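Right, one structure below, let's go through it.
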Amino acid sequence: MIETQNLKVYFKSRDVVVKAVDGVNIKIKEKEIVGLVGESGSGKTTLGRTILNLQRPTAGKVLWNGKDVSKLKGKEEKEFRRQNQIIFQNPYEAVDIRMKVYDIIAEGIRVHKLAKNEKEEREMVMNALREVGLTPEEEYANSLPNQLSGGQLQRVAIARALVLDPSFIVADEPVSMLDMSIRAGILDIFQKLKEEKGKSVLMITHDISTIGYIASNIYVMYQGKVIESGPTDEVLDHPLHPYTKALISAVPLPDPSGRSTLFSTEVREEVEPYNGKGCRYYPRCPFAMNVCKEKEPELTGESNDHYVACFLY
Amino acid sequence: MNKVIKDLLSRKSFIFSIIIIGFFSILAVAAPALTTYSNPYLPSQQYVAAPYAVPSWATIFPQYKELPPDVSFTFTKYVSSDSSYVTAVNASYIKVVVPPGQTVNVSFPFKWNWSHPYDVVVSFKLLTPSTTSFVVNLYFNGLYAMELCPVPFPVEPAVSISPGKVNSVVFDSKYISPANSPFASELPLSEQPLAAYEFPSYALPKPGTYNVTVSFENTGSSKEVFVMSLPSYSSLGYVYGKLGTDDNGASVFAEFVYGARFDLYLSLLASALIIGIGLFIGLLAGYVGGFTDLSLNALTDFFLLIPGLPLLVVLISIFDVTGTIVNVNKPILILLIISLLSWPGTAKIIRGQTLSLKGRTFVEAAKALGEGNLRILFRHILPNLMGILFAQLAYDVPGVILAESGLDFLGLGITGFPTWGNMLGFATYNVSFINGFAWWWVLPPGIGIVLLSTAFYFFGSAMLDVLSPYKLRGE
Ligand SMILES: Nc1ncnc2c1ncn2[C@@H]1O[C@H](COP(=O)(O)OP(=O)(O)OP(=O)(O)O)[C@@H](O)[C@H]1O
Ligand code: SF4
Ligand SMILES: [Mg+2]
């Protein structure tokens, strides 16, 4: 349904080129939740934005039902927008805080003329609010974003996407800005979406544990590249790449802030900077070999759909 | 909306600005009701009092205490040397019978409470006998002010009067000379040119009771009968109205009020124009970006680098000298030139804001929802620029007032009707050691410009804070 082909997104700021996404191939099928895991700055958001044609790729393309999304025009582009939605990392930034919750959610309905009249529009908005657990919905509809908590606002953002009845949703770390206690509630919404409505979701996260429950496939990104991918159970039970292993072994650690202790066990101190040609992980890899410094490993199939980019295999 | 207003009202600077702006707006709107002088620069609306008359309330200061206001009244009492010759015809006319070879004097007493006025005007109607054997003289206490003779070409300083007719007699101290007043011709030669100026101080030097005396002299051999109206007296004082007068005796209050009217009107119009151009260019440059941005930015920089006021001066002068200005309304020309030279700052600020808004996630979210560029512009960018727009409007007003006042001050702008700028200009130009510092003339426009500019600045800042949600969050 959605797939990327050798997608590259480079950002140039003065002399420095940041390769946010560097040759990524991923595929999301219908009614499937796909996990995208990686540490901060690995290019997850950029990939998600590029898939939704919110960012022009430097090279490669994104195919939606076989069509290049950057070449869509008119009606088709509109339909693409309606069917593919995104939920942003920071709910506070993702909504126009001048607008009432009702108008925020109704915006999409109006743009796509989904409601025949005001009554129908109202019904759709209220349904969407109920669906994401914002009840009493009348009360929420009339509030302003700065009267809501982060979790509530994220639900509003989800409702805004859901009201269009999309078939594919990019969920960009929808819980990372939220308190631990309310994360489960938000994730439940996605679980239900898949089970009851059969939507596809690209679930972006830096916390590999959350993805285990809901994703059927998983991609692990490191510095703009996918370094391991496969069915979730397979990858979680038999991680191959040293980076994936580090991610998984970090999971049981109870520190809620996550990132700082992510690589506590199997990572060595970064002793030398990346030289620009070898494996991107070798400065931190405990298994680094000479060959790792010289060239980059390709993503190769190991066993039934399990791919890894590492010279150990 | 309620929250916005509450937020605004909680700011002292906003309250201050509203009061000031409100005050001047009311002045401007109510100008026609506040004063009858719509253009005090027209000669017909000048000399409502003496030049450099001080405001009425200033008489609380000791140095202005003795100064007279404008005075005008009609005499009701008269005293005559021989009451049998003088009888009242009705409430406003008296009949004077003069036996042959005699003189009858009729005196009109009045009380004067001040130092001398600017001028003295006495007027009455006089029905003369149809002979030519009489002379009528007018005295101010002992001063021989006027001699009226019935011959067609009387010997100077006498003036002619028609016999057997109703004559309008007017004595106006402003116009006396050795040719029409014995007072002037009796002065030493060196003082004669100053007669008009000196008469009031001779006639009414200080508080006291004075007499205007009309003396009827019969030089013939039969009795003569005169009928005269009770005379009216009027004089311009050195105290006038709320804000005194300027060098032409025109009401400074009227000038101030109409100046406020014009200044507010012009600056709001110019600011709206500036915002219009700035918004268009800034929005286009910021939102479209790329080559459009580059070229619009270059254009903006070009206009920004032009030194505003000097160019304004040069342009106006050129238009003035070449006579182009004759065909074009000068205020409109000034409005256009100021606006054309002032939009770049606004455009730059709006461009920057647009750029920053465009990069925000909520705009990307709107795009992801399928909103087109126009919808994004009008529903998300423009509403979030509202604060900036109001602020710019408010910041531009003082700029325009200052530029326009500067031009007027230099005499390059508007001179035909009052503006705060040309009030200041004329006031400064006319400062001399005689009038000293006409504070009642200089201070109102000066304070007006400063207060209004400050108020608009505060107004703008408050609007900016309250209407820009994304600035409030300190991002
Ligand atoms: N618009 C942009 N202009 C320039 N550089 C960018 C831009 N967007 C992202 N980058 C850079 O690209 C890299 C990847 O950023 P991205 O936001 O995709 O990472 P991420 O995986 O989503 O991280 P996080 O978990 O912190 O959200 C970063 O180095 C970032 O600085
Ligand atoms: S390729 Fe070498 S450096 Fe890279 S992850 Fe594998 S072992 Fe480590
Ligand atoms: Mg991100």
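Note that Cβ sites are derived from N, Cα and C of the backbone, with glycine treated the same way.
What TrEMBL records for B:264-460 is domain 'ABC transmembrane type-1'. Feature annotation from TrEMBL assigns transmembrane segment to B:12-34, B:264-290, B:302-326, B:332-350, B:381-403, B:409-431, B:438-459.
Sequence-distant residue pairs (6 or more apart) of the transmembrane segment (B:12-34) and the transmembrane segment (B:438-459) include at least 3 whose Cβ atoms are under 8 Å, placing the two stretches in contact.
Below 8 A, the CB atoms of the transmembrane segment (B:409-431) and the transmembrane segment (B:302-326) form 3+ pairs separated by six or more positions in the chain.
Listed as Cβ neighbours of the transmembrane segment (B:438-459) (distance under 8 Å, sequence separation of 6 or more from its ends, same chain) are residues 13-14, 16-21, 24, 52, 54-55, 58, 243-244, 246-247, 252, 256, 259-260, 263-264, 394-395, 397-398, 401-402, 405, 420-421, 423-424, 427-428, 430-431.
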